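Okay, so here's the structure we're looking at.
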Amino acid sequence: MMASSYSTKEEDGHPSGASSHGGPGAVKSKKPDNTAFKQQRLPAWQPILTAGTVLPAFFVIGLIFIPIGIGLYVTSNNIKEYEIDYTGADINSSCYSCAKSYSWNSTTSCVCSVEFILEQPFESNVFMYYGLSNFYQNHRRYVKSRDDSQLNGDQSALMNPSKECEPYRTSDGKPIAPCGAIANSLFNDTLELYYVDSNGTRNAVPLVKKGIAWYTDKHVKFRNPGGNNNLTVAFQGTAKPVNWAKPVYELDPSDPDNNGFINEDFIVWMRTAALPTFRKLYRIIQKKSSTTPTLPSGKYFLNITYNYPVLSFDGRKRVILSTISWMGGKNPFLGIAYITVGSMCFFLGVVLLIIHHKYDTRNSSADIPN
Amino acid sequence: MARESEDAGIAKASKVKRQRKKKTKENKTRIVHANILYDHAKGEENPNRHYANNKIKTTKYTVLSFLPKNLFEQFHRFANVYFVFIALLNFVPVVNAFQPELALAPVVFILSVTAIKDLWEDYRRHRSDKEINHMDCLVYSRADKRYVEKYWKEVRVGDFIRLRCNEILPTDVLLLSSSDPDRLCHIETATLDGETNLKQRQVVRSFFELDCDFDPLKYNSIIECEKPNNDLNRFRGYIIHRSGRRDALYKENLLLRGCTIRNTEEAVGIVIYAGHETKAMLNNNGPRYKRSKLERQMNVDVFWCVIILLVMCLFAAVGHGLWMFQYGDKRPVFDVLSPEGTDLSPIMSAIYLLLTMIIVFQVLIPISLFVSIEIVKICQVYFIHQDMDLYDEETDSHLQCRALNITEDLGQMQYIFSDKTGTLTENKMVFRRCTVAGVEYSHDANARRLAMYQEMDSEEEECTSHGGTLPRRDSVSSHQSARVVLRSHSTKSHRRTGSRAEAKRASILSKHTAFSSPMEKDITPDPQLLNKVNECSNQMDFMRFHSQSMSQLPSDLSDIIDFFIALTICNTVVVSSPNQPRQKVWAKVPSQSPVKTIEDFIKRFTPSRLTSGSNSSSSSNSTLTKLDEEHPGSLDHAFSTVLPCYDGKACTPEEGELRYEAESPDEAALVYAARAYKCSLVGRLPDQVTVELPHLGKLNFELLHTLGFDSTRKRMSVVVRHPLTDQITVYTKGADSVIMDLIKPPDTDTAGRKRQKKIVFRTQSYLNLYAADGLRTLCIAKKILSKEEYACWLQHHLEAETSIQGREQLLFESALRLETNLHLLGATGIEDRLQDGVPETIASLRKAGLQIWVLTGDKQETAVNIAYACKLLDPEEEILTLNADSQVSSSNQNFTDSINPSSSPLSSSSFHTTPFTVHRLGLVIDGRTLAYALDKSLEDKFLAIARSCRSVLCCRSTPLQKSMVVKLVRNKLKVMTLAIGDGANDVSMIQVADVGVGISGQEGMQAVMASDFALPRFRYLQKLLLVHGHWCYSRLANMILYFFYKNAMFVALIFWYQFYCGFSGSAMIDQWYLIFFNLMFSAFPQLITGTLDKDVSAETLQQLPQLYVNGQNSEEYKPYMFWMNMIDAIYQSLICFFVPYFAYAGSDVDLFTWGTPITTLALFTILLHLGIETKTWTRMNWLSIIFSIALFFTVALCYNASCPTCYSPSNLYWTMQRLLQDPLFYLLSGVTPVAALLPRYFYRACQGTLFPSPVQVGRQLDKLPAETRRNILSLSRVKVGSPVHLKPPFLSLTKPSPKGYAKKDQRSFPTSKISQAKQMPVLQTDEEKGQRSPVGPIDSEKGLLDLYTLVPTKVDTLASTKEAPTFAREQQNPVTKDSECLDKTLESSALSLSSWITSTPLLTQADSVQLALPPHGGSQCVKYTRNSEERLSSDHTVHPVHRTEQSLHTTL
């Protein structure tokens, strides 16, 4: 056996056949094991794709998808949604002047209001979104420009933010809190909704500003430095982001649970949108009772404190009022997709059926001439 | 204790090493002194200190050098450099896309996997090194004055080593002493060259006379020899004694490391080369690395991937530049400034982005592809290795894959070049017939005996009955019956019976006798010849008794006795008793052993003494008689004493059972044959041969010289002193072609001259007969030298022997001088039986579309007959014979001209065309003609002819020619070539071919060493190629395509996203998913599929060899398939991107909550895609897919829950968890993969029904119940395998013409791509003889159309056959008719084919054929009918009888 280590090139462990002279006792057959695995005879399912065999699959898929599609489409259609563009790009728009005059540097705020009429009442909870178009929140350098440790209340990161925040890392030698381009470009329009009832009085619609962010964001990911008490002290020595009018600890002074990094508007903004046209949840209009609709049909006033310039990059600003269903907001696409794919399958199934009848049947009946 | 001192010695030696002076070591020789003289001297003074010690180290790395060296090696692969470059790019902040550390992960992973593999291999080498280095051997120690045990690694050059029986040699040792009475040492070289016979080695001559034990202390000579080299068969040098005498050293004096001492109790030698300088180690070169065709093709597509990548990156970069540009100076808030706060110009941004995109899109170049391919190949090798069908029980060996990375090439072979002897045949030689002095002795009884063996062997084994004048072709065709063919497959596992089993038993009994199965040993003598031998020896005995001169014996009788003596002694056969060392017989009578060396003899045998004619040893009759009377016992004793040796068991001597160990099986066969005539070899010593003759008893032939066999001379000779006549006689044995030229009738004696001429003439005719029977022929001749002649020759010979420079050449010339003017004694015919299953293998390989060429060194007739026997040539074929100097056949002159337009060496060549019709051609060419044909000017023409022939047989070709032919075909035709052979003469051919296969058979291991795959038997080639080759190819091809698809699909997702993120290089797929997607999430299923997927079962693949064409034409992986896959990838990625896009459009979804479903959808789609492409779903497939999905979700969930602040820039905290609560996610998972895979699924279904590939038909056959399938297959087998073999048109239509010949083909085959010669009816009718080209364009076109018009239009052909007038006779016999003529057979095969094809969802033959017909097919069709009529009618008038006979056999 030892001799076999000489025979050349046996690194791969296949001793040559000639080396079996080692000793009389060492006769060990090299016969391979007759196992299903080693002989590649594992039991297997061998589907053969022919018209006949795949035919049922197409019909089954078709039959399942079409009803689902219809269901989804109906669900989506039941969702009520109303959208108001208040960018002010149009000269007729009420916010035109604000849009024209406003830039990041202005100190005074510009207020404008938009009137609209809801044709149908909105039942159940209504979600109020603001929407931006042509705003590339998914830009690579923009997405990176944040410091999660700082947002998580880490003291060292607060005073020494990550390099990713550049060039919004420091301002006048002081670290910016929150640093980075995302925070810097926080959406800061204020929106108020008024219902004009039949006698013409404006009633403010109560907007709930908590519960709009992900639970995990609010409670795990975002934390204020040094607990939630006395944010002013906690943020001592930091600078506010360049574009911000007020420091982070004054985002919502009324509610300490919604101030600083855990301000929900801020958290929502920090979750960068996937696509350049996006909406973000702004407020929730809670359902009052089961009898009265949350937003009855009628005339509404949207009061806007116009702070956020978008025209420079051709952006649009919208407000969306929408109810939601179990599958989210209004979007008929999925239903259509299901119906289309289902019908395609059905159609192809029919085609295959024809093919099968024309070409396949002959073989199945053909017997072997003997 | 001894070891301690030696350790000190080692320490000293290492010190020496450090102090080593830079001495000039430029001398061309090595000088070895005995270490013992320098034991007390300081290390520096030891002259041997510069030589390598015996410690071997085959490891590549040390602990320290591992990392740098391994990395260095890995970076030789360009892909690795590329990936490292990308990973490093990530460290540049401006362009980075991922966390830099993370980006390193895949590269580090890949590198470390490879490194671990290398480390493990190296560790194994280290372990085995250590084991070897610590083996024990006996080394003489001066201090102890005895031999002490030492480790191998401590042995140094110049040490004296004592070797005992069955010990393995630790170094290359010069033999100085042996316990053997004749100063011999027997070694077994199996580990070096695989030859299992014993070889004799001689003690150096100067130490020959020593009667007592060799004493190292007295040794004071110096050895000068060549530098270490790897030539196992050469060793030159001389030993210089103190006296100044120089003695030459030969390879016979050298014992090589790794050999085993056998039959010798003890031997002592001095170490000449140690450790890595031994010949065995120098022969050790690492495994070969070849790049397979598939890999070459893959690399082209990898290159395309790079281009696609660059295009995508450039596109994105330009897009980004434009995007930036549109904003102008109004910098939007989301466009972040550079870290320095400065503006990035659009152009700079674009440039940075280009680099970023390269990082992001890096996945397109599949980093894991290379690793995956390697893993899959290792698994494939493992499975091939484990295949029971490729295991040979007789030799306990299985297939060895020596090249690990060309398994898939096995599935793409187009040409097979095979050796004949030992490859197609067993290389077990059986003496069959002989002719002595012009009289033929047919040995009928022997033939019957062999036939019996054969029957026992296996019923279906074919074509070996050469008995008498039995027409050979009949025996061939009789085996074409369906019954036989069928059974050959059903009884495969029970094949080895009869003589095989016996042979096995015999070989177990004595492992050393490789060539002596009972079949070879037991020869039934021809009674007539036996009588003559008896009569002859009787007379000789009588004459000796009456002290008459032997020369008065009638010449025919003396020829007979000489013939047998020549058979007995003219060889290098060693006689031994099994398992016993030869004993020292010191009690020898002194008179018997005075002449110990040839030199001794010569010293005393001066010319003056030659005349005296008497020698004390054994020359005179009287002494000899006395000797015989005196010492029969001692001889017996010497050769058959029982001595328990290494196996501990007392071996009982088999009375009279002597084992002959020959270097070639021919020799053994002849010796056994002679023994059957009571003329047996009983002993061989270096200087004498003992032969036992009937009545005469034992005769000692004084062996003066042995001129060994070489392939140039093709003969060997021995020079002996004949004990009876006291003449110096030369016996020569060799190939008939050379011997016949050397025969010279005596000038003086006219009667003798006449007689000799007659003998020569007769013998030649018998030789031709033997060759026609496929026997190997040898001629035996002798020559009687006068003492003066001998002395004269001896003078020159001695000069030649002692010269160091050019000794071989001088010896060769010396041999040539001796072997002249021979007297022909007779000739022998030896049969070399075909291996099991060779004809079936060849038939099925040929059906698989492989061109089989046989390149052999044998003579033409033998080769042709073996070719018929193994169905390489078909009786129905026309044989073109290219012999440069055969007679000119005027009718074929034009053909000759077609190869050879001008006057050139081929001008005298001619073609023997067999007169019946031919649809196919066989080409036979001999070595001399081949040399002309391989000439630059003719090689194209040669190839053109060879390609149009169905089979090519090159006879009498040298090893170099073999490799030249392979090279020519490979380079000119651009085809995949496989060379298979077993002997050293095939090595060059094996190395040249794309895949070299060695048969680990009888002729040693050289072929195996050079090969990529080593097979125990030829027939395993069938399963290796048809099954494993096909599987490996289709698995790998599919896997590679899938890889490209997968990566492209995944990367395209990100590319689409660039349109929605301002081409900023942003990715919605998290970096972790992006990087580990290939490496982990989608890696396992494809590995499993790549390893285990079987498109068609092994049985079907073997029964339908046509499926092999699939791989030959690279049908699984064609260039367009890459692009189809790319398009599919783009489509699928569009679906996977845009369905979520629209589903989430305008919603408040964030980047990664949107990206994660896309990743998931892509994973589902990719896995389901694999599902569609998977043909067999085993447990493993299911598990791997489930595992992949589970792994993805587990990793995603863990990763998403692990850290809320890490993994910048992306943070997916709780994303997956939320998604799993989102119904939308599930809804997307339902519709997207379905939509993405719909086209492919639909396409596959349609393809399976409307235009299934042959492989799919094979799969459908698999699905049928076993019974039905067998019926179908048997039907197709019989018909397809019938002489006129027709492949289904859908198979042959896709055959591309090899590129190199495209130009030529365009002219020759304008209508079709088919260029396969076997389908080419090369038309031989008179009107076409004028064609310049052998395959005229019109003819071929017609011929092609013939095939195809015949198949669908049954009516036409029927009509035509009826019109053929001579056909009427045939039609009376329906059986005959059916398979008789061309079109009928075609038709019937077409019928049978279509019948089995229609039983599966296929188009009819007719449909697919019609597609292939050119628009003007109709008119051609008419033309054909006329042609075929003419041809048929002429054929049948010429050879009707023969053909009828044929067809009877075919249709049995």
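Using the three backbone atoms N, Cα and C, a Cβ is placed for every residue, glycine included.
Checking the candidates B:Arg776, B:Arg807, B:Arg1035 against TrEMBL: the one annotated together with B:Asp419, B:Lys420, B:Thr421, B:Glu667, B:Phe709, B:Lys733, B:Thr856, B:Gly857, B:Asp858, B:Arg956, B:Lys962, B:Asn985, B:Asp986 at the ATP site is B:Arg776. Feature region 'Disordered', per TrEMBL, maps to range B:1-27 of the set B:1-27, B:1351-1377. Neighbour density around each Cβ, counted as other Cβ atoms within 10 Å, peaks among the binding-site residues B:Thr421, B:Asn985 at B:Thr421. When the record's ATP-binding residues B:Asp419, B:Lys420, B:Thr421, B:Glu667, B:Phe709, B:Lys733, B:Arg776, B:Thr856, B:Gly857, B:Asp858, B:Arg956, B:Lys962, B:Asn985, B:Asp986 are compared pairwise by CA position, the greatest distance found is 25 Å.
Shown are the binding-site residues B:Arg776, B:Arg956; of these, the residue with the fewest other Cβ atoms within 10 Å is B:Arg956. In this structure, of the binding-site residues B:Asp419, B:Phe709, B:Gly857, the smallest number of CB atoms within 10 A of the CB marks B:Phe709. Under DSSP, B:Asn985 (ATP binding site) is assigned to a helix (H, G or I) in the three-state scheme. Under the DSSP three-state reduction, B:Arg776 (ATP binding site) is assigned to strand. Within the model, the domain 'P-type ATPase C-terminal' (B:1008-1253) shows a mean pLDDT value of 91, rounded to a whole number.
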